[in-house]
Amino acid sequence: MRSLSGLLLLLTACLAVNASSVPTLPDDIQVQENFDLSRIYGKWFNVAVGSTCPWLKRFKEKMTMSTVVLIAGPTSKEISVTNTHRRKGVCESISGTYEKTSADGKFLYHKAKWNITMESYVVHTNYDEYAIFLTKKLSRRHGPTITVKLYGREPQLRESLLEEFREVALGVGIPEDAIFTMPDRGECVPGEQDPVPTPLSRARRAVLTQEEEGSGAGQPVTNFSKKADSCQLDYSQGPCLGLFKRYFYNGTSMACETFLYGGCMGNGNNFLSEKECLQTCRTVEACNLPIVQGPCRSYIQLWAFDAVKGKCVRFSYGGCKGNGNKFYSEKECKEYCGIPGEADEELLRFSN
């Protein structure tokens, strides 16, 4: 469920946002199929967030992972929400209630002070591992806001779940640079204060650049020199907190695979596209790999080397989980796999 105090703080700041800066709120939000309310109860860690609210990007460096506990509410029509988080160096806990609706997986929160009703939807969950919540708010005066949050039963989640969350957020119009993970500083006890930094740590912080600190505010860094020399490195997410989709070359599978880049530092095995990755890192050994369409259904017409026929052939690439035997033109395929051109073939016939 939405982090209650974090949600209210976010939406308060967003009241000053003009409606023209955010997308139209979707009307056809699909909740988790066969939603089971009793299984969503318990403690969740707020692992990642994305929002159309510009305030979020300005203050995301101050946000850390919080916990949310959901239990049955004081009435059969409500659920209770308790959020525990750090705010201004002090751990605090705030409780509230959400109203059930006739649609399973959809809840309402009404703030009389602002005369705003927020709608929250459980769009994806497997109950035991993760849950993705989408909240939309419409202010008649200031327009719509969409916020998506990823929760986990544990502070760390599989990268495939982070990718699923990212796709959900992008799908409702949230910009890529407004989607990020929450730094995990551990759970806190309400009332306790964060330790005061020592003079030594203050001095060290003063000389660090924003990228070295890993604030999450840095821009993607991909201008490494001699990127081909980095192809055998393991991928590096870097210390920042963004969720930027990138490609890295896997020397074992001889394929370019996706990973989520934090937005700063990392290494040179980091590419914006599969094409750039393959054309930088692929070797001639790729010509001996099988032709793999992959499970996705984009049906992109590419070229591959057919080792049985001994020539380059067209094939339909699904768009994901292929291998290095994938070329973007017939010429490229022939150059990699040693197929002679027409002039070369004529020369060979003449010399024989």
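Just so you know, glycine gets a Cβ as well, placed from its N, Cα and C.
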Candidates C188, C231, C240 - disulfide partner of C91 as recorded in Swiss-Prot: C188
Per Swiss-Prot, cysteine bonded by disulfide to C333 (from C296, C312): C312
Among C240, C256, C296, C320, cysteine joined to C277 by disulfide in Swiss-Prot: C256
Of the candidates K77, K88, K137, the one that Swiss-Prot places in the 3-hydroxy-L-kynurenine site of C53, K111, K149: K137
Mapped DSSP class for C264 (disulfide bond), helix or strand or coil: coil
C337 (disulfide bond) versus binding-site residues C53, K111, K137 - nearest by Cα: C53
Among C91, G242, C256, C287, which are recorded as recorded positions, the nearest neighbour of R297 (site 'Inhibitory (P1) (trypsin)') by Cα: C256
Coarse DSSP state, helix versus strand versus coil, of L241 (site 'Inhibitory (P1) (chymotrypsin, elastase)'): coil
Lowest local Cβ density among C91, C240, C256, C333, which the record lists as disulfide-bonded residues, within 10 Å: C91
For C281 (disulfide bond), the one of C53, K111, K137, K149 that lies nearest, given that the binding-site residues are compared by Cα: K149
Distance [Cα-Cα, Å, rounded] between K111 (3-hydroxy-L-kynurenine binding site) and C264 (disulfide bond): 38
